[in-house]
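For reference, the structure is listed below as structure tokens.
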Amino acid sequence: MCTFTLAMSGGAVLLLPFSIISNEILLSFPRNYYIQWLNGSLIHGLWNLVSLFSNLCLFVLMPFAYFFLESEGFAGSKKGIKSRVLETFVMLFLLGLLILGIVWVASALIDNDAASMESLYDLWEFYLPYLYSCISLMGGLLLLMCTPVGLSRMFTVMGQLLVKPTILEDLDEQIYCVTLQEEALQRRLNGSTSSHSHSQGSAHRLNKELDIVRDQRSKLERRKKASAWEKNLLYPIVMLILLTGTTISVLLVALNVLYLLVDETAMPKGSTDRGLGNTSLSTFGVVQAVVEIVLMFYLMVSSVVGFYSLRVFEGLTPRKDDTTMTTIIGCCVSILVLSSALPVMSRTLGITRFDLLGDFGRFNWLGNFYIVLSYNLLFAVVTTLCLVRKFTSAIREELLKALGLDKLQLSNSPTDPESGKIAANGHQKTL
């Protein structure tokens, strides 16, 4: 079930890129025999299938997996798989009634007319799209929280994965100091084990410190063994690519705000037209389409990074050999919600002009001008503030030190593990 949910997440992420590429291919080769299978009906069918199976995963499969994991069978019944499955179905049925009741009350309060009151009998045509619209709005708000944080956090993550340029650093001296520290910890640990003079908690602490020192030594050795192009070219190029992608995203959102104010066609809307390949939705053709697709993938990766960087969702972070099944289910649901909202966010922010197809274009809140405008403004402002905070952290720390306010620890970022890192030679690294 978790694998199928992740597959649906991948399908939701690939919906817009595949549709944009298909449109450009049909424009370039309108009468090619070998691409006649690529048409509007196929694209619409894919959008509808992804929407259907996303609903199935979100409201049936994942709740079933969670309830089955937590079930033990009803009291007095024979323990076994059958009793657990029965309890799971009962809990799933009660959850479905609860959700449908909440949605019916909410729709009746928002749209107080006879059609809303009688829509309880029209489950397939009204309730599921309305419920998925609410989930999409929640996913859009979650993306609004995670993506700006992830865009600034990506620089730190890539800095940890890549080898930084060694400027005025003596790696041999640092490796020597770390090796001495590792040997000292190893001697203390061996002495405590042989003499039993330390408690079990002290030995555990020494083991933890030894693992940290060994990890630091392995990172220093990797930096030393890295080639010249990896140290001096790869890191700056990757940082420049990240900065360029973030800047283009913010500029596109700013332009979309202007379009929203002067042109009502900039509003995101659904399309029922099954024609594909009639007109190009990219001003610069294939080049702009490729840029839009790259930005969509970049925003998706940034949103996932930002999701796990937020303190609220730290408990869902997967850990090697220490991830419970409940955490895996929570991760799958979170990624599905983020992925399902990505096409809507990309169209709302003006990253692409491709209209939303299928049930993705039936969301009620997409037609609200104030919601769409506020969404664009919040994304641009929050992303800019996160980037400014990221790149001015070193200057802010120096100013606080000069003012004598560094002891208040106002500038320590809990999400940046590199701030305040102590080097192996005892000196603190600063920019």
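Cβ atoms are placed via backbone N, Cα and C, with glycine included.
Note that TrEMBL annotation is computational and uncurated.
Taken from TrEMBL, the feature transmembrane segment covers 46-69, 89-110, 130-151, 233-261, 281-313, 325-345, 365-388. As annotated by TrEMBL, region 'Disordered' applies to 412-431.
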Compare 46-69, 233-261, 281-313, 325-345, 365-388 by their Cβ pairs under 8 Å to the transmembrane segment (89-110) and return the stretch that comes out on top.
46-69
Same chain only, please: residues at least 6 beyond the ends of the transmembrane segment (365-388) with a C-beta under 8 Å from a C-beta of the stretch. Say none if there are none.
133, 137, 140, 144, 147-149, 151-152, 246, 249-250, 253-254, 256-257, 260-261, 267-270, 344, 348-350, 356
For the transmembrane segment (130-151): best-contacting stretch of 233-261, 281-313, 325-345, by Cβ pairs under 8 Å:
281-313
With the transmembrane segment (233-261) as the reference, find which of 46-69, 281-313, 325-345 contributes the most Cβ pairs under 8 Å.
281-313
